[in-house]
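What TrEMBL says about this protein:
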TRANSMEM  21-42  transmembrane segment
TRANSMEM  62-84  transmembrane segment
TRANSMEM  105-130  transmembrane segment
TRANSMEM  164-183  transmembrane segment
TRANSMEM  190-210  transmembrane segment
TRANSMEM  244-266  transmembrane segment
Amino acid sequence: MVDFLNLVRNENMKMFRAPRLFVMLGIVIGLIFVVSIIWFSYDYGSLTSDMWEVTLVETSVLFWVVTIFAVIAASGTVAEEFSSGTIKLLLIRPWSRSKILMSKYIASLLFALFMTLVFLLAALLINWILFDLIGNAQSSAGSGFGSALVGGGEESDAALITRYYLLTFLNTVMTVTISFMLSTIFRSNVLAIAMALFIEIVLNNLLQLLQLFDKKWIDYLIFVHLNLTKYAGGNVSATDGMTLGFSLSVLAVYYVVFIALTWYIFNKRDVAS
């Protein structure tokens, strides 16, 4: 167990010591700051917005950047080992291939969680300073954009945003898992990143196209369930009538298949090829 934790720690060190981490953090925090400043400049006269409302809007609009950065980190953990040839050195160590692969995957999820927390804390801090400290806006729990987005009028602002972020993080986990699988199978992080961009940018338009076809099998496509934030207002989606339990069940099946396929390919692959 200790050896496995050391493997995870080593993978995390590779990710967190990479120079690109500071670029990613700068972009994420910078985007939040710019959007908050623009919103504050337009809202300053009326003071109708609060930190929770602005944070939710920024998350719905900007969080795809966090997902892409998490995918870049995850896809590189395996693909870069193959491209640089270091995978051969790694596999001669006294660890099984399964442990090596799992350590890389867990490290990827931890990185995604780290970026998610950075986004949330940065958004809350910046918007608290601008809208609740400087602007002294009145908090409107369960009203305004927050309640319209998540559909709740009885939950507190903190509970609403916690639910929204949990669902958002699950979306990110699935996207990272898909990209991790692709980078392992094809040994290319470019394909993995391209798939993540497709999911984040093209997905909404694809779903609108699929809704034109009244076919039951469409409900079992993974793309239909990759936006769990539609359940932020409750366990039943207001757009398509699906339930959170059904979407989680479908995603769970795909998740098991993706993990099993990734494990099988990685364990059977000839690293000399």
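Placed from the backbone N, Cα and C atoms, the Cβ positions cover glycine too.
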Worksheet item: Same chain, outside the transmembrane segment (190-210) by at least 6, Cβ under 8 Å from its Cβ: which residues?
Response: 64, 67-68, 71-72, 74-75, 79, 175, 178-180, 182-183, 218, 221, 223-224, 226-227
Fill in: Intrachain residues whose Cβ lies under 8 Å of the transmembrane segment (244-266), provided they are six or more past its termini
78, 97-98, 101, 105, 170, 174, 177-178, 180-181, 184-185, 219-220, 222, 224-226, 228, 231, 235-237
Worksheet item: Are there residues at least 6 beyond the ends of the transmembrane segment (21-42) whose Cβ is under 8 Å from a Cβ of it, and what are they?
Response: 15, 49, 54, 57-58, 61-62, 65-66, 69, 115, 118-119, 122-123, 126-127, 130-131, 134-135
